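Trainee: Shown below is the structure under consideration.
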Amino acid sequence: MGQPGNRSVFLLAPNGSHAPDQDGTQERNDAWVVGMGIVMSLIVLAIVFGNVLVITAIARFERLQTVTNYFITSLACADLVMGLAVVPFGASHILMKMWTFGNFWCEFWTSIDVLCVTASIETLCVIAVDRYFAITSPFKYQSLLTKNKARVVILMVWIVSGLTSFLPIQMHWYRATHQEAINCYAKETCCDFFTNQAYAIASSIVSFYLPLVVMVFVYSRVFQVAQRQLQKIDKSEGRFHAQNLSQVEQDGRSGHGHRRASKFCLKEHKALKTLGIIMGTFTLCWLPFFIVNIVHVIQDNLIPKEVYILLNWVGYVNSAFNPLIYCRSPDFRIAFQELLCLRRSSLKAYGNGYSNNSNSRTDYAGEHSGGPLGQEKDSEVLCEDPPGTENLANRQGTVPNDSIDSQGQNGSTNDSLL
């Protein structure tokens, strides 16, 4: 977000930065600018590199092109725009102690900032709803939320985010009326974000607090359902091991199906944990800023500007965290290694999206229609329908199977955040 407009102090600047005629002070100021410039450049590099890697991996490997990962792509796009169009200009504003890009770009830059944060949390909210349906209505899920429907949802998220961010700022509904704010609006080198109280509170509620409440509520429900499913798995495992060995030998496929069902559900729960970490990290990074944002307009001089800007940058840094969190997923981890040439590439055999061996074993070897979850008639099915319900021999362009197999990740689900 833009800088608050109460004072002209800059983030962590040395005390004597306004006395450049003193040699010692000038040297300290130069050292501060260089040091902060390096740190901010590394932040920008991490945001851009990490999210380009995520988007490229999902675009290149069809194995990663699941409905949930479509939403992850949207989240990565928001983070990438943050790294390209927001953070560098924010860094320039701090390091140069003035705005050098004019009034139009000041408001446009601020609008993009609000857009990225709003799109991110609304996407996380959609992911929470997506996981809720995936784990509570597994057999309806694939028809309920197809890839085409996911694209429409993503488009709607960005349209709503764009309207709530650009419209109030470009129409000047956000502007305060006191003299200091009016002077700043008229000055080409001032980009302090003076806002009226109504806009600050309303935008914080619409762009952050409301989606946050929905996200927390839905995800808490998801974890409750997941916990019940884990308990069912434990009980079912106990019954399975208590069966007569001769009965298991008579129907070995049943035992294999049961183990696959349990493994599938456990992987689904690991995916939930990964998404929970993403949502939790976003909340921890941005919640302090939005609390201060409300307090600042209610009590103007209560929060030092340095604290406001520092918390704003903590939120910016969140855009670099998500690619690291995705590394919890073996599929993402292997895809990243392939793209970075950190492991032997098998992409040549899959260059056209197909294996050159139509009989080659996939990660879902042995999976057939009529998924194993259907065999557990005495327990409620709460996990997503396993990939055995599709003709998986015809899946195209996956992350190379020999790469997956070499890591011992056979039997992974069709949700790549595992």
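Using the three backbone atoms N, Cα and C, a Cβ is placed for every residue, glycine included.
Summarising the annotation, Swiss-Prot assigns N-linked glycosylation site to N6, N15. Swiss-Prot lists C265, C341 with the feature S-palmitoyl cysteine, giving similarity to another entry as the kind of evidence. What Swiss-Prot lists as 4-hydroxyproline is P387, P400. The region 'Disordered' annotation in Swiss-Prot covers 358-418. Taken from Swiss-Prot, the feature motif 'PDZ-binding' covers 415-418. The topological domain 'Cytoplasmic' annotation in Swiss-Prot covers 59-71, 130-150, 221-274, 330-418. Taken from Swiss-Prot, the feature transmembrane segment covers 35-58, 72-95, 107-129, 151-174, 197-220, 275-298, 306-329, and the record attributes it to similarity to another entry.
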Trainee: Among the recorded stretches 35-58, 72-95, 107-129, 275-298, 306-329, which has the greatest number of Cβ pairs closer than 8 Å to the transmembrane segment (197-220)?
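Mentor: Looking at each of 35-58, 72-95, 107-129, 275-298, 306-329 in turn, the most contacts to the transmembrane segment (197-220) are made by 107-129.
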Trainee: Residues with Cβ closer than 8 Å to the Cβ of C341 (S-palmitoyl cysteine), same chain and 6+ apart in sequence?
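Mentor: None - C341 (S-palmitoyl cysteine) has no non-local Cβ neighbours under 8 Å at 6 or more residues apart.
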Trainee: What are the helix, strand and coil residue counts for the topological domain 'Cytoplasmic' (59-71) according to DSSP?
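Mentor: The counts are 10 helix, 0 strand, 3 coil.
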Trainee: Counting only pairs at least 6 apart in sequence, do the transmembrane segment (35-58) and the transmembrane segment (306-329) share 3+ Cβ pairs under 8 Å?
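Mentor: Since 3 or more Cβ pairs under 8 Å link them, the transmembrane segment (35-58) and the transmembrane segment (306-329) do come into contact.
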Trainee: Considering every residue in the topological domain 'Cytoplasmic' (59-71), what is the mean pLDDT value?
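Mentor: Over the topological domain 'Cytoplasmic' (59-71), the predicted model scores a mean pLDDT of 93.
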